[in-house]
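Listed in Swiss-Prot:
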ACT_SITE  HIS193  active site, proton acceptor
BINDING   29-57, ARG99, ASN138  NAD(+) binding site
BINDING   ARG106, ASN138, ARG169, THR248  substrate binding site
Amino acid sequence: MATLKEKLITPVAAGSTVPSNKITVVGVGQVGMACAISILGKGLCDELALVDVLEDKLKGEMMDLQHGSLFLQTHKIVADKDYAVTANSKIVVVTAGVRQQEGESRLNLVQRNVNVFKFIIPQIVKYSPNCTILVVSNPVDILTYVTWKLSGLPKHRVIGSGCNLDTARFRYLMAERLGIHPTSCHGWILGEHGDSSVAVWSGVNVAGVSLQELNPAMGTDKDSENWKEVHKQVVESAYEVIRLKGYTNWAIGLSVAELCETMLKNLYRVHSVSTLVKGTYGIENDVFLSLPCVLSASGLTSVINQKLKDDEVAQLKKSADTLWSIQKDLKDL
């Protein structure tokens, strides 16, 4: 007796069983789910996989997204705590990790995250040996280094979300002051994602007009318009949002989706992302910091050589030293 489906549908050819644009998100917390919904909203993948250790939360998030399938262009949404579900991913977004406890040192937090990553990263590489790993978990620059060491992947396929969000915040705040859209405000935040990031004031422009030429004191303490405050706001904005709502998730989710889009669509766009900077600007250790990088389907294709002023280079080097002082003491890498 033929089933309803057999009566309805006449097969013509076998469909493809291997996804062509699969993305995995590891960690279904606030950030992981913001990444997931932002990726789905852009219609970037034909399959989305979610992984976490919390099975009920994981299944609930998967079902909730599946119920929205009518409104999405992603044919398959799957989830499991078993990493086999991630097989054949083009991009794996890592948002998992432990949270910093009150009074906990950064080194201790990093070491606890290293212990988590020691389980996660080999599993990712086992099932998707050709993927690009995009690290989002904090402290992102150190954990990108950790991922690179644990994965054995070439450096162009291990990328940290880095200062892509800091740069977006910078351009938004600049745009607010000038009354124009952030896409028309050009400026870059480089270095460490966080407190010691570097604002490249010399390159800030609108329509090719250098703002520092119009206001030579821009970004310094002598500036009557106090543009330096904009960078200060960039650094403090995450703390402010966390103070108000307990965490940040939407902006980082949107930022990650943009990075995924650049890679999956092979767009060769330039983003401020965390990459191995050894050998640039006189940095001698294996540290990851954000520089303007060209991303494509093969990962991080090239780095733009920014003309930095001496004080900006000094800030970058200081960031590198800070990160290395923590990295050199990490165990089990």
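Keep in mind that glycine also has a Cβ here, set from the backbone N, Cα and C atoms.
For GLY29 (NAD(+) binding site), the spatially nearest entry among the recorded positions ARG106, ASN138, ARG169, HIS193 is ASN138, judged by CA separation.
Closest to ASN138 (substrate binding site) in space, going by CA atoms and restricting to the binding-site residues MET33, ILE37, CYS45, ALA49, LYS57, is MET33.
Its Cβ taken as reference, GLY29 (NAD(+) binding site) is surrounded by 18 other Cβ atoms within 10 Å in the chains shown. Taken residue by residue with DSSP, ALA49 (NAD(+) binding site) is part of a strand. Among the record's substrate binders, ARG106, ASN138, ARG169, THR248, no two C-alpha atoms are more than 24 Å apart, and one pair sits at exactly that spread. Of the listed binding-site residues, namely ILE37, CYS45, VAL53, the sparsest CB environment within 10 A is found at VAL53. Within its own chain, ARG169 (substrate binding site) has ILE189, GLN233, VAL234, SER237, ALA251 as residues 6 or more apart in sequence whose C-beta sits under 8 angstroms from its own. Ranking the binding-site residues ALA49, LYS57, ASN138, THR248 by how many other Cβ atoms lie within 10 angstroms of each Cβ puts LYS57 at the bottom. Distance from the CA of THR248 (substrate binding site) to the CA of CYS45 (NAD(+) binding site) is 24 Å. The distance from the Cα of VAL53 (NAD(+) binding site) to the Cα of THR248 (substrate binding site) comes to 21 Å. Counted over every protein chain shown, other Cβ atoms within 10 Å are most numerous around HIS193 among the recorded positions ARG106, HIS193. Using CA atoms as reference points, the recorded positions ARG106, HIS193, THR248 were checked against LYS57 (NAD(+) binding site), and the closest is THR248. Close to MET33 (NAD(+) binding site) in the fold, though at least 6 residues off in sequence, lie VAL25, GLU61, ASN249, GLY253, each with a CB less than 8 Å from its CB.
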